[in-house]
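Peer 1: Encoded as structure tokens, here's the structure I'll be asking about.
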Amino acid sequence: RFIAKPCAINLGIQDSGPHRAQPNAILEKVFTAITKSPDGRRLEGLSKQLDWDMRKIQRWFRHRRNQDKPSTLRKFCESMWRFTFYFSIFLYGIRFLWTAPWFWDTRQCWYNYPFQPLTSRLYYYYILELAFYWSLMFSQFTDIKRKDFLIMFVHHLATIGLITFSYMNNMVRVGTLVLCLHDASDFLLEAAKLANYAKYQRLCDAFFMLFGVVFIVTRLGIYPFWILNTTLFESWELIGPYPSWWLFNGLLVTLQVLHIIWSYLIVRTAYKALVRGKVSKDDRSDVESSSEEEDVTCSSTKGALSTSSNGSNRINGHMAAGQWTEE
């Protein structure tokens with residue numbers, strides 16, 4: 001409110017929402033009680049009932065769906081808040097862990113376990129991360145529903161479960177490694193979104209490519225060969241198969257499966273960027289976007305607009321190539 005909004009206004013981002021649909025009681029009743037994306041038969045029936053062209057009815061439903069979406073200014077502020085947190089907590093974690101012995105030797109995570117002191121810096125690091133992921137869990141139900149809603153829900157559950165479980169069992173040393181590793185790439189994605197909302201396309205593409213490299217290196221390289229190696233094998237060797245070993249590692253492996261899925265989506269988006277010359281639409285865009293393909297493709301407009309899968313290029317002033325970060 002006091003920092004992100006003035007920054008957005010200075011960058012030329014207007015506090016204006018999408019075009020609102022004209023009031024119509026019949027269409028509003030269909031929208032709220034029956035369907036938000038009517039099929040061809042229902043469109044034909046509404047066309048006869050209202051004496052409207054089917055194209056006009058399609059446009060009304062598209063405008064009605066889009067008017068509930070947040071403005072670009074609001075999305076910029078939310079991304080700036082997340083960028084601030086991810087970047088700050090990552091710097092805090094790196095500064096803290098740089099002098100920690102288990103950062104350089106993961107076997108130190110299990111020496112003298114469970115009689116390991118919980119310092120104040122460890123405590124605040126854990127509490128801040130846990131509070132933030134709880135906020136993400138709750139806000140997911142009020143944000144725009146996306147194609148990866150279920151994946152993100154499982155991810156937040158696994159993350160909260162791991163943070164809570166490791167804290168209760170005093171496994172905070174290995175827990176800090178997991179947290180810091182995940183924060184390494186998240187702030188880069190939010191930076192790319194900020195650049196996209198501000199219409200700095202080249203900067204957006206650069207941040208996204210950097211994010212993709214860091215994500216794949218940390219989640220598919222360092223995480224399995226550094227984190228999973230110590231939790232699966234080194235812990236077994238040093239302290240034995242403790243009762244909760246299976247649950248703890250099961251949650252960690254679940255995260256790895258999600259990492260593989262997201263890495264595939266990132267690589268696919270990067271491939272499209274190389275083919276088209278710049279970053280394309282986000283493969284995890286909101287579910288709403290898929291319902292508007294028929295509206296765009298059925299029009300006589302060709303070229304860039306025909307490759308778009310939603311109407312945000314007209315609403316937010318972005319061309320289709322910049323839609324991968326649309327929220």
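Glycine is treated like the rest: Cβ placed from N, Cα and C.
Since we're looking at a predicted model, the values are computed, not measured.
OK, TrEMBL features for this one:
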DNA_BIND  29-72  DNA-binding region
DOMAIN    74-275  domain 'TLC'
REGION    285-327  region 'Disordered'
COMPBIAS  301-315  compositional bias 'Polar residues'
Peer 1: The DNA-binding region (29-72): mean pLDDT?
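Peer 2: When the pLDDT values over the DNA-binding region (29-72) are averaged, the result is 80.
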Peer 1: Per DSSP, what is the residue count of the DNA-binding region (29-72) in each of helix, strand and coil?
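Peer 2: For that range the per-state counts are 30 helix, 0 strand, 14 coil.
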